[in-house]
Amino acid sequence: MKTLHFLVSILALASCVAFAYDPSPLQDFCVAIKDPKDGVFVNGKFCKDPILVNAEDFFKHVEPGNASNPLGSQVTPVTVDQLFGLNTLGISLARIDFAPKGLNPPHIHPRGTEFLIVVEGTLYVGFVTSNQDNNRLFSKVLNKGDVFVFPIGLIHFQLNVGYGNAVAIAGLSSQNPGVITIANALFKSNPPISDEVLTKAFQVDKSIIDYLQKQSWYDNN
Ligand SMILES: *[C@@H]1O[C@H](CO)[C@@H](O)[C@H](O)[C@H]1NC(C)=O
């Protein structure tokens, strides 16, 4: 009986861990739908009835993003929210356009490892490891054709250090990797995080925190 209990606990724990990530697909595809009344199976999001699925459910045209903004970069995501055929399949993609000196600012994908390939221009990229690893910075200058990996959950960034525009394509290991831009999350939260928290966290005066909280913090996603 004790052994059985133990086994059940281990299994419960294992399934919790598994469910923290995209589930493995249970069928060839499971095209997401907006209105559950047209749905048949549940695996992640509701699935469209396979009889009604066609090639368009797996197709998307991606236009270049407009990087004329305060960051000089624009992310165009292709996740399950844009391409319903990705439902349950555990991957997504993003196109990132950079103006000269454009920055994709430090951010995290809570549910996805990212694989980036530069298709035009030159990018300075990097990620920072966790506290246990002493917050080491791994960085690199990437040229056309170079690829770089940003492990799941780690803070990373990309800066255009070339003379012209730059373009990169990112693959992500989740249909819904999520994005948390560090500065925006801390200084543009709704409602704002109290000054006491931010002044202590950053070891600066309240006036600096107030200044930071007044900035517009453009969201390039
Ligand atoms: C890009 O955005 C800028 C600023 O919002 C705007 O002035 C410009 O017309 C846009 N360009 C295109 C091609 O949409």
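For all residues, glycine too, the Cβ spot is worked out from N, Cα and C.
Note that the coordinates shown come from a computational prediction; the quantities given were computed from them, not determined experimentally.
Listed in TrEMBL for this protein:
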- 1-20: signal peptide (SIGNAL)
- Cys30-Cys47: disulfide bond (DISULFID)
- 59-210: domain 'Cupin type-1' (DOMAIN)
- Asn104, His109, Glu114: oxalate binding site (BINDING)
- His107, His109, Glu114, His156: Mn(2+) binding site (BINDING)
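Annotated features, which come from TrEMBL, shown on the structure.
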residue	record	contacts (Cβ under 8 Å, 6+ apart)
Asn104	oxalate binding site	Leu71, Ser73, Val75, Ile96, Phe98, Phe157, Gln158, Leu159, Asn220
His107	Mn(2+) binding site	Ile155, His156, Phe157, Val179, Ile180, Thr181, Ile182
His109	oxalate binding site	Phe150, Ile152, Gly153, Leu172, Ser174, Pro177, Gly178, Val179, Ile180
Glu114	oxalate binding site	Val149, Phe150, His156, Ala170, Gly171, Leu172, Ser173, Pro177
CB-centroid shell, 8 A cutoff, oxalate site Asn104, His109, Glu114, site residues removed: Ala94, His107, Ile108, Gly112, Leu116, Phe150, His156, Ala170, Leu172, Pro177, Val179
Count of other CB atoms lying within 10 Å of the CB belonging to Cys47 (disulfide bond): 23
Cβ-centroid neighbours of Mn(2+) site His107, His109, Glu114, His156, 8 Å, sequence order: Ile108, Gly112, Phe127, Phe150, Leu154, Ile155, Pro177, Val179
His156 (Mn(2+) binding site) - helix vs strand vs coil (DSSP): strand
